[in-house]
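According to TrEMBL, the features are:
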| type | residues | note |
| --- | --- | --- |
| TRANSMEM | 6-23 | transmembrane segment |
| TRANSMEM | 35-65 | transmembrane segment |
| TRANSMEM | 77-94 | transmembrane segment |
| TRANSMEM | 106-127 | transmembrane segment |
| TRANSMEM | 133-156 | transmembrane segment |
């Protein structure tokens, strides 16, 4: 890992943590997780296994520290770490597909949904989540899918241009240069 990469990944995590803190709860004490968008952005721009491990752990710990969900620390750490690798796997499987922005937005939607299901499933297994699984899915996960997808639609082009200007060598910036 290069120092430039680590600094940019740390900035993504800091921005994600700030977003995670300022978003108000929407159903009880749960709130959509904007930290996911920044984790996904880091994986998209720097798709290396070491970065995925780092981002998964960092975002899990930051989410655990800022969660409003009772006993949500363990589910947050498990969720972010697993979601990071699932997202990375999907990204690598679809790397040959063009339409970069569309692919990134769709992957963000899928990743956010998977993250929500892993979080709720883990909370259900460890803490016997009440029968509100469907309500939490509809009230929290689906709005988070929409918000994270819109946020990625806005942030990804900016971040791609930024990494290109800073002369980062990433698969994302190489795709832009080829156009």
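Glycine too: its Cβ is placed from the backbone N, Cα and C atoms.
Heads up, TrEMBL stuff is auto-annotated, nobody curated it.
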Lying 6 or more residues past either end of the transmembrane segment (106-127) yet within Cβ distance under 8 Å of it, the residues of that chain are 33, 36-37, 40, 44, 69-72, 74-76, 78-80, 82-83, 86-87, 90-91, 94, 133, 136-137, 140-142, 144-146, 148-149, 152
Can you name the far-off residues of the same chain, 6+ from the ends of the transmembrane segment (6-23), with a Cβ under 8 Å from a Cβ of it? 31-39, 41-42, 45-46, 51, 54-55, 58-59, 62-63, 66, 163, 168
